[in-house]
């Protein structure tokens with residue numbers, strides 16, 4: 001167990017970069033596919049499906065095929081991992097001449113072991129290459145060029161973003177694999193999203209790579225470029241507010257160690273990897289218990305499963321904007337390189353992300369993940385005792401946590417996703433929303449100009465600019481193993497109770513707890529905020545010395561849920577947001593809450609559908625699904641860029657330990673450098 005390094009000193013700064021391509025051969029069953037393995041996948045598949053003028057074959061997803069859990073745990077629990085690890089395989093989703101093909105490839109035999117055609121609804125996530133190709137196609141399309149000229153605009157100043165179009169009752173045959181291109185105008189700004197060119201419909205068929213529909217419906221006045229700049233080098237005084245420079249350093253070095261993809265810090269050990277769809281994946285998170293002198297299981301696997309982003313404008317230019325970001329675009333594929341000292345503090349360790357491009361060639365996102373210790377001035381625990389005569393006692397421990405971070409930029413929004421581990425045993429998942437609003441042009445510059453009864457579907461945030469109302473629903477898949485694989489879900493209701501007449505008390509009421517163990521999936525669906533209850537995953541086979549079942553409690557954040565009608569097409573596809581919390585029995589194929597094929601899906605392969613089987617979940621290997629929700633009514637402070645809006649939740653040990661696990665954490669040793677005394681004004 002790595003000790004906590006609490007000595008703090010301001011000295012110098014450093015960052016460490018660990019390249020994923022160096023992890024060859026993999027030493028862990030959950031290690032992401034290496035560059036060498038991705039090249040092997042490409043070689044083997046290209047031999048089976050030769051690409052030519054009449055045979056179009058593209059890689060849409062390549063990732064680690066989920067290994068058998070029992071084999072993983074046997075390997076993990078063996079002394080020094082001496083048992084042979086599970087077979088290492090790749091899972092590939094490809095487009096093959098207009099069909100979606102699912103391929104499993106085994107690395108030891110260097111052979112394809114499974115190959116089938118997907119016959120259901122929906123399409124795989126878009127590749128970067130085909131999105132770029134679609135934009136290059138449109139700028140050469142004469143009807144589009146003519147429409148641009150009609151508006152008096154310069155084609156060279158136009159940029160595009162691509163949008164999936166969802167599903168609105170079309171049959172499978174009608175629901176072609178198409179995207180809609182949304183044009184924006186630069187001409188004096190780089191903040192493209194604040195200058196939309198509306199009134200045009202541009203649809204591109206991705207399989208045929210041609211413009212399948214083009215309409216120029218109307219000419220809409222664009223917002224001006226003035227006031228949209230956000231680059232500090234281009235902004236003019238006055239600046240502010242002024243923040244003083246600071247560097248936090250540990251003279252003993254970081255308190256965590258990264259060995260391949262294994263991270264060890266304080267009393268935690270976990271595996272971290274990168275997936276092109278999920279982003280960060282945390283696996284086999286275990287907590288060292290000094291009372292029993294061993295690591296205890298907490299989280300088998302946790303990651304982002306899906307994001308649902310519906311906008312609240314039913315007009316032709318907006319109704320289709322109901323993204324399923326991870327399934328449509330890939331939350332890992334859209335992840336960006338993190339900036340040392342700003343995205344991540346000094347002392348951070350950075351890791352690259354490797355994934356397969358459309359032709360199967362490995363691509364790399366440098367510094368896509370970072371790991372760092374967080375000193376935020378929080379207090380781990382404290383107490384001042386002044387009630388004892390002639391004695392005053394004060395004990396304080398500053399809090400430190402370990403954060404694994406990724407930032408995924410899906411179009412205009414930047415999502416900061418944090419997995420934060422605390423010495424107390426808690427795991428906090430945080431989501432920060434920042435970036436640029438998606439806006440629409442209007443004729444108004446003041447609210448007094450809005451016609452009586454007119455709904456502008458948002459807020460006037462600048463001249464001729466409305467920030468459109470929308471939601472963000474961020475769903476996490478949390479495969480918990482609380483001290484083992486046999487877990488249950490307990491809904492511990494807090495009930496107001498009348499004081500019994502037999503008790504001599506002036507109190508009329510109090511609250512007490514009424515725990516109920518969910519036996520099936522239906523009993524575990526939770527809409528937060530309807531009643532007071534604690535939600536706990538327990539291991540009924542493990543109890544403390546006082547008889548309490550060991551467990552982890554969900555400390556939820558916002559109770560925001562969907563406001564769309566249940567029969568609205570976007571909500572049918574995103575029915576996994578109907579409840580804030582779901583519990584399902586572990587099924588290796590149930591990974592993506594919005595379905596394996598999200599693009600143009602019809603809602604028939606989602607968490608909501610799987611859960612209709614109402615399977616047994618008591619004393620089973622179970623998975624918790626939790627959705628962080630935001631209703632976003634834009635404000636002027638969100639323009640031209642948006643200050644980070646944060647949400648999240650916490651998994652907190654509940655009777656997991658016999659006592660406070662950080663009781664014996666020693667006070668920090670603080671070393672100060674020069675000029676650390678505040679200046680009095």
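Yeah, the Cβs are placed from backbone N, Cα and C, and that goes for glycine too.
Going by Swiss-Prot, these are the annotated features:
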type: BINDING; residues: 323-334, 410-415; note: substrate binding site
type: ACT_SITE; residues: 325; note: active site, proton acceptor
type: DISULFID; residues: 344-370; note: disulfide bond
type: ACT_SITE; residues: 413; note: active site, schiff-base intermediate with substrate
type: MOD_RES; residues: 413; note: 2',4',5'-topaquinone
type: BINDING; residues: 470, 472, 632; note: Cu cation binding site
type: BINDING; residues: 481, 621, 622; note: Mn(2+) binding site
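All features noted in Swiss-Prot, drawn onto the structure.
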| residue | record | CB count, 10 Å |
| --- | --- | --- |
| 325 | active site, proton acceptor | 25 |
| 326 | substrate binding site | 31 |
| 329 | substrate binding site | 26 |
| 344 | disulfide bond | 21 |
| 410 | substrate binding site | 21 |
| 413 | substrate binding site | 22 |
| 470 | Cu cation binding site | 24 |
| 472 | Cu cation binding site | 23 |
| 621 | Mn(2+) binding site | 18 |
| 632 | Cu cation binding site | 21 |
- Quick one: of the recorded positions 329, 370, 621, which has its CA closest to the CA of residue 632 (Cu cation binding site)? 329
- Query: If we check Cα distances from residue 326 (substrate binding site), which of the binding-site residues 470, 472, 622 wins as closest?
  - Reply: 472
- Message: For the C-alpha pair, I'd like the distance in angstrom between residue 344 (disulfide bond) and residue 470 (Cu cation binding site), rounded off.
- Response: 29
- Query: Cβ within 8 Å of the Cu cation site's Cβ centroid: which residues qualify beyond 470, 472, 632?
  - Reply: 309, 311, 433, 469, 471, 630, 631
- Cβ density check for residue 622 (Mn(2+) binding site), other Cβ within 10 Å (all protein chains) comes to 27
- Per the 10 Å Cα distance test against residue 325 (active site, proton acceptor), the recorded positions 370, 410, 470, 621, 622 reduce to 410
- Message: Neighbour count, 10 Å Cβ-Cβ cut-off, for residue 323 (substrate binding site): what number do you get?
- Response: 26
- Roughly how many angstrom lie between the C-alpha atoms of residue 413 (substrate binding site) and residue 622 (Mn(2+) binding site)? 32
- Query: Counting across all protein chains shown, how many other Cβ atoms sit within 10 Å of the Cβ of residue 370 (disulfide bond)?
  - Reply: 23
